[in-house]
């Protein structure tokens with residue numbers, strides 16, 4: 001249980017950092033991974049059960065591979081690193097299983113818990129527009145048109161110089177709004193650095209992952225069972 005609590009603390013801290021600055025400090029996933037392996041060594045010795053240590057190491061390795069694949073897919077380096085940390089920290093945790101995929105993931109030395117946390121987290125992304133809305137409100141964005149009301153849920157308003165640094169795509173300004181910008185919509189030359197424009201949001205995946213981490217011990221793979229029964 002202590003590993004799970006450490007995971008909660010790490011994810012909450014990562015969520016705050018991601019929400020405020022869209023950056024997650026590396027020390028979080030490193031602490032999760034190091035604590036996970038050290039605690040697994042301690043538990044394996046005191047309980048004379050070395051499968052605990054094997055699970056932690058295999059969880060680290062498998063989640064490292066998955067996290068690297070996430071990075072190559074452009075999903076987010078910070079989110080993938082958190083997965084690596086959780087793989088070492090809580091590779092296994094009690095949760096209900098309803099699907100054949102859940103049964104497969106429940107095999108020995110497969111980190112079924114962090115994988116299921118990330119799967120459920122993807123489904124919880126349906127709530128992300130409300131996270132974006134809340135962040136826009138905190139940043140002082142106030143819609144002046146009907147289009148900007150919609151953008152409060154699906155875009156972010158920021159200064160041009162910040163948008164350029166973060167390589168965002170331009171969605172527009174005032175009534176000149178493009179809800180589906182293409183990759184070439186990054187010509188900031190027509191705006192001043194201090195102007196505020198609407199740009200594409202950076203998806204804070206770690207927030208739905210944190211929510212998933214809290215509820216997955218209760219629901220297991222029930223969402224998969226309801227939406228994609230197999």
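Even glycines carry a Cβ here, placed using N, Cα and C.
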From the topological domains that Swiss-Prot annotates, would residue 23 and residue 78 count as being on the same side of the membrane?
yes
Which one, 24-46, 79-89, 205-216, has the most C-beta pairs under 8 Å toward the transmembrane segment (111-139)?
205-216
Roughly how many angstrom lie between the C-alpha atoms of residue 79 (site 'Essential for catalysis') and residue 18 (site 'Essential for catalysis')?
10
Mean pLDDT over the topological domain 'Extracellular' (140-204): what is the value?
73
Using CB atoms and a 10 A radius, I'd like the single residue among the recorded sites 18, 79 with the highest neighbour count.
18
DSSP-derived helix, strand and coil totals, residue by residue, for the topological domain 'Cytoplasmic' (217-230):
9 helix, 0 strand, 5 coil
